[in-house]
Every structure is written in C-alpha cells, then in structure tokens.
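Novice: Here's the feature list from Swiss-Prot:
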BINDING   GLY12, MET13, SER14, GLY15, ALA16, GLY17, LYS18, SER19  ATP binding site
BINDING   ASP62, SER63, ARG64, THR65  GTP binding site
Amino acid sequence: MSGRLDVLLVTGMSGAGKSTSLRVLEDLGWETLDNFPIRLLEPMIGEVLSSDNPAPLAVGFDSRTRGFVPNEIIELCKRLVQRDDLTLTTLFLDCTSEELERRFNETRRHHPMARGRTALEGIRAEREVMEPLRRWAEAVIDTSELAANELQQLIREQFHHDDPASQSVTVSSFGFARGMPPLADLVFDMRFLDNPHWVANLREQTGLDPAVGEYITARGDFDEIFQRMRDLILALLPRYRAQGKAYVHVAFGCTGGRHRSVFTAETMAQALREAGFSPTVVHRNLASRAADQFEGPQGRN
C-alpha cells in the first residue's frame, strides 16, 4: 500500500456512546473492531497494512476489554505514533456520572464495574481507571447532553474518510472565554481587531451579519492580515496531506466567539472554497450544544 493507514482508537466511559460511534464509522467505510484484545492490536495492524488498499481501522475498547491496562495501552500508543506507516488518533467518549447513571437505570442494564455496589459507585470507579486514557486522547467528546443522532452527526463530520488524495478541513470560531478547542491544529487569535461588541447596534448581531463584517473590514489591517493567514493555511494544507494528515482543523478565536472570530472563519471558509477545498464550518459559540460539546469542556464565562 502507499500512504499511511488511519487508525482510530475509540474508548471511554461505559454508556457514553462507543457502540454508536463504531456503527457510524462502519457506515463511513472504516473497518471496525469492538472489544478487540489489546495484545493483538499490533499484529492486526500489520495484517491490515499488508493488504491491498486497506480501509481505515477503528478499534473500540473499554474497561471490559481483555487485557485492559490503561498505562500499558498508552505505552502501546506511544510506540504506534512513532511509526511512519500509520496515523493514530485516540477518541475518548465521556459523560457525566449522573447522566450515565440515568442511562443505565433507564435501559435497566448493569454497569460492568457495579458488581456488589450501586451503578453510580461503579461509574465512579471506572472513571478513576479510565482517567489516564482521557488525558492521553487527542479527541474528547462529552456526550452528556447529546442525543444519539447528534453524536452520530459529530462522528460523521469529524471522521468521514475520503480518498487519500483528498483532505477534510474544518474551519471554526470560538471564544477564548470558554477555552480553546482541543482538536484544533491551527489557532489564530483575532482579538487584535476592534471588538464590535462595544458598538451598541452591533452587540446583538454576530459575525454572520453584514454590518459586523463591514465594521471589521473598515477598521485596522484586516485585509492584509487575512491574506497572510490565507497564504499560510494554503501553504500548510498540502504539507499536512503529504505527512498523511487527513483532517485539519483551523480555528479562529476572539473574546466571546460571536463577532470577530465568526466573520474571519466565514471569510476563510469562502477563500478555501475558491481554492478547491470543501471546508466544514463550525461556530462553537453560535452553534447547537452538539458542536459545543464536541469541542471540549466549557470554560468560565
């Protein structure tokens, strides 16, 4: 085969959505394995790599999986990320203990670590065991407030697998007041621009409104800076692709994530379309709670 094999490890709290995520990935063309013995992962990857035109590989595991020892799994991941024939990503599905308890009670299923104790006690015990993997994971999705269809849509948007020659680009806006998006590859701070929030008739508008865009472009050096950012991004995208990186997330931030970052993200997405890309646009502080949860835990307002 030529190029790198995409390998996605899907783990997290029991009841947080691992099975749902794997079903979506299978529909997207990934080869999926659930509760696959950890000790067999490297041989399995070798077998997949030896085949012609292998599909990307998604492997699900959790505290019930045979050979599950978090620190040993992390050491395995450290070895795998050093390889030049694959690209490894770890996805951790999280959820609040209270919501997990509600889900287990609603479905009348027993939590795997609740033998001889309450479901909530089992959930808390599992959370302690899983914490090292949560810290290791590049991608964390909190499913506490997500319906199944919302989680499915997030997985489709983030992990759809195109032809190796193509590239999935996400352009997003966010507010620093709620923390940076942990999945972003490139982050641009737009707080050097004058803030429309302090203009009374623009405060309740957003970067999607023409008046906000006119205000931003009429003041300062937006056009010059934007062109430099555009040139940098267009120069980096093919270099990322050459290194086997199929997904690139470009994020623009401002204080509240409603004006400057939104306008810049929309303008950059249009520039990328004109350059032949088909970017996905996400406005974290404007979008549904689904997109908000995908980006990571909320910070203080």
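FYI, residue positions are counted from 1 along the chain as it appears here.
Quick reminder: no glycine exception, Cβ is built from N, Cα and C everywhere.
Help me picture these features in the structure, burial and contacts included.
Specialist: Under a cutoff of 8 A between CB atoms, and with a sequence separation of 6+ in the same chain, the neighbours of SER19 (ATP binding site) are ASP34, GLY60.
Neighbour list (ARG64 (GTP binding site), Cβ cut-off 8 Å, at least 6 residues apart, same chain): SER14, ASN35, PRO112. DSSP assigns ARG64 (GTP binding site) to coil, not to a helix or a strand.
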Novice: Looking only at C-alpha atoms, tell me how far ASP62 (GTP binding site) is from MET13 (ATP binding site), rounded to the nearest Å.
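Specialist: That separation, Cα to Cα, works out to 7 Å.
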Novice: Using a 10 Å cut-off between Cα atoms, which of these binding-site residues sit near SER63 (GTP binding site): ALA16, GLY17, LYS18?
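Specialist: Within 10 Å of SER63 (GTP binding site): none of them.
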Novice: Cβ distance under 8 Å to MET13 (ATP binding site), same chain, sequence separation 6 or more: which residues?
Specialist: ASP62, LEU93, ASP94, CYS95, LEU100, ILE123, GLU126, ARG127, MET130
Novice: Tell me the Cβ contacts of LYS18 (ATP binding site) under 8 Å, same chain only and six or more apart in sequence, or just say none.
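Specialist: Correct list: VAL10, THR11, GLY12, ASP34, GLY60, ASP62, LEU93.
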Novice: Which residues of the same chain, at least 6 positions away in sequence, have a Cβ lying under 8 Å from the Cβ of GLY17 (ATP binding site)?
Specialist: LEU93, CYS95, ILE141, THR143, LEU146, ALA148, LEU151
Novice: Hey, does DSSP put GLY12 (ATP binding site) in a helix, a strand, or just coil?
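Specialist: In three-state terms, GLY12 (ATP binding site) counts as strand.
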Novice: Within the same chain, and leaving aside GLY12, MET13, SER14, GLY15, ALA16, GLY17, LYS18, SER19, name every residue whose CB is within 8 angstroms of the centroid of the CB atoms belonging to the recorded ATP site, in sequence order.
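Specialist: Neighbours found: ASP62, LEU93, CYS95, THR143.
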